[in-house]
Amino acid sequence: MSELLARAAAEFGTPLWAYDPDVVRERIARLSRFDVVRYAQKANSNTHLLRLMREAGVCVDAVSLGELERALAAGYRPGGDPSPVVFTADLLDRPTLRRVAELKVPVNAGSPDMLEQLGRVSPGHPVWLRINPGFGHGHSNKTNTGGPHSKHGIWHEDLHESLRHLDRYGLDLVGLHMHIGSGVDYAHLESVCEAMLKQARMLGRDIRAVSAGGGLSVPYEPGAPEVDVDRYFDSWDAVRRELESEFGHAVQLEIEPGRYLVAGSGTLVSEVRAEKRMGPNRFVLVDAGFNDLMRPALYGSRHRVTALAPDGTPRPGEGTDTVLAGPLCESGDIFTQQADGAVDFVPLPAVEVGDLVVFHDTGAYGASMSSTYNSRPLAAEVLLSAEGPRLIRRRQTIEDLMALEEPAEA
Ligand code: LLP
C-alpha cells in the first residue's frame with residue numbers, strides 16, 4: 001500500500017486524497033443485517049464513491065441541493081421503497097424546496113416549518129420525522145446533535161405541531177429518525193432505543209420504517225476498539241420487532257452512517273517541505289494544511305501518521321516528539337493539537353524534505369470539509385487498485401480558484 005501511495009503522489013502531486021474502495025465494500029458488508037444502509041454522504045460526497053455505494057446496494061442521504069444533485073449524478077433515482085435518496089436537514093432553502101418537491105424526494109424533517117413549507121407546495125409528500133429525544137452525545141460538543149442545546153430535530157415534547165402539518169397537507173409519514181451525535185457509546189444506544197419506542201407509541205400513527213441515524217465510531221487511535229455492530233443491530237432490531245408486533249406489519253430498519261463506511265478507506269498524502277526547531281521543539285512542516293484536513297484544528301482530532309521515503313519505503317525508527325504542521329499563515333495549522341488548541345506532539349522518525357507524511361483514516365470528513373483558505377487549491381482525489389491509482393477528482397487550478405470573481409484588472 002505504501003508503494004502505491006508513493007506512486008500516486010509522484011503521478012498526481014501532493015497533497016493528495018487516496019481511497020481504497022475495497023475497505024468501503026468490506027465496511028458495507030459488515031452492516032448487512034440492517035434492512036437499509038443509508039450513506040450520510042456529508043462524510044465524503046465524491047460521486048465515484050457514491051456510485052460505488054449505489055452499486056453495492058447502499059441508499060444515500062442528502063443534506064443540501066448540492067448533495068441531492070451529486071446523488072443523481074451518481075445514478076441514484078428517486079422513487080421506490082426504500083427510497084434511494086432521502087433529504088435530511090433542519091431547514092429547506094427555497095431552491096432545495098423546489099427540487100425535492102419536483103423529484104418527490106422524501107424529506108426527513110428536522111423542524112415543523114419544513115413540514116409546513118413542504119406541505120404547501122407538495123401535498124401528500126413522503127416525510128420522515130427527525131426527533132430530538134432531549135439528550136445527545138458526540139466525540140466533541142460540535143458533533144453532539146441532541147438535547148436542548150442542539151439545533152437538530154423536532155423537540156420530542158413538541159410533536160403536536162408537526163402532526164397538525166401532516167394532517168393538514170396529507171403528508172405521507174414514512175418513519176421516525178433519531179441521530180443524536182457522532183461516536184457511539186453504548187449507554188446512549190440503549191437510551192435512544194427506548195426513546196424511539198416511546199415516541200413511536202406516543203405518536204399514535206402508523207409508520208413503515210425507523211432510522212437509527214449514524215454515529216458509528218471508527219478506531220482512530222491504534223488499539224482503540226472497533227464498534228460492536230452486532231450489539232448495535234440487536235438493540236435496534238428489538239425496537240423494530242416491538243413496533244412490528246404493535247402495528248401488525250413489517251417495519252424497515254435503517255442505519256445512516258457516514259464515517260464508518262469511508263473513514264478507514266482514505267489517506268491524505270502530504271510531502272515534507274521543511275523541518276526546523278523552535279527552542280526545544282521539533283517542527284516538521286508538510287504541504288497539507290487545515291484547509292485540506294480540518295478535523296485536528298476544529299475538534300482536536302488526531303489521525304495516525306506514517307513517514308515514507310519518496311519511493312514508499314517506511315522511514316525506520318520509533319521517532320522523536322514532533323509538532324506536525326502545515327503551510328497556512330495561522331498558528332492553529334497544526335495536526336498535533338489538543339481540543340483547546342494547545343500544541344501537542346507525535347513521534348515521527350527522521351525525515352528529509354521530499355519524504356511523504358501519510359495521514360490515515362481520513363476518508364470521512366477530510367476532503368468534504370476542505371476549503372481554499374489562503375487561496376490554496378482543493379487537492380486531487382484518487383481511487384487505489386491493483387492496477388494503480390485512478391484520478392477521480394483533479395486538483396483545482398489557480399484559475400479555478402478565481403473563476404467566480406469578476407475580472408479585477410481594468
Ligand atoms: N445522520 C445525520 C442526520 C447526521 O447529521 C450525521 C452527521 C450522520 C448521519 C453521520 O454521522 P457519522 O456516522 O459520520 O458519525 N465533521 C465531524 C462529523 C460531523 C457529523 C455531522 N452529522 C467530524 O469530522 O467528526
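Backbone N, Cα and C atoms are what each Cβ position is placed from, and that goes for glycine too.
According to TrEMBL, the protein has these features:
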type	residues	note
BINDING	Gly215, Glu256, Pro257, Gly258, Arg259, Tyr365	pyridoxal 5'-phosphate binding site
BINDING	Arg259, Arg295, Tyr299, Glu330, Tyr365	substrate binding site
DOMAIN	36-263	domain 'Orn/DAP/Arg decarboxylase 2 N-terminal'
DOMAIN	264-363	domain 'Orn/DAP/Arg decarboxylase 2 C-terminal'
MOD_RES	Lys42	N6-(pyridoxal phosphate)lysine
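In the three-state DSSP classification, Tyr299 (substrate binding site) falls within a helix. Across the domain 'Orn/DAP/Arg decarboxylase 2 C-terminal' (264-363), DSSP assigns 7 helix, 40 strand, 53 coil. Counted over every protein chain shown, other Cβ atoms within 10 Å are most numerous around Arg259 among the recorded positions Lys42, Arg259, Arg295.
Apart from Gly215, Glu256, Pro257, Gly258, Arg259, Tyr365, the residues listed for pyridoxal 5'-phosphate, the same chain places the Cβ atoms of Ala40, Lys42, Ala43, Ser182, Gly214, Leu216, Tyr260, Leu261, Ala364 within 8 Å of the centroid of those Cβ atoms. For the pyridoxal 5'-phosphate site listed in the record, the two most distant Cα atoms among Gly215, Glu256, Pro257, Gly258, Arg259, Tyr365 lie 15 Å apart. When the Cα of Pro257 (pyridoxal 5'-phosphate binding site) is compared against those of the recorded positions Lys42, Arg295, Tyr299, Glu330, the shortest separation belongs to Lys42. Counting Cβ atoms from all protein chains shown, Glu256 (pyridoxal 5'-phosphate binding site) has 25 others lying within 10 Å of its own Cβ.
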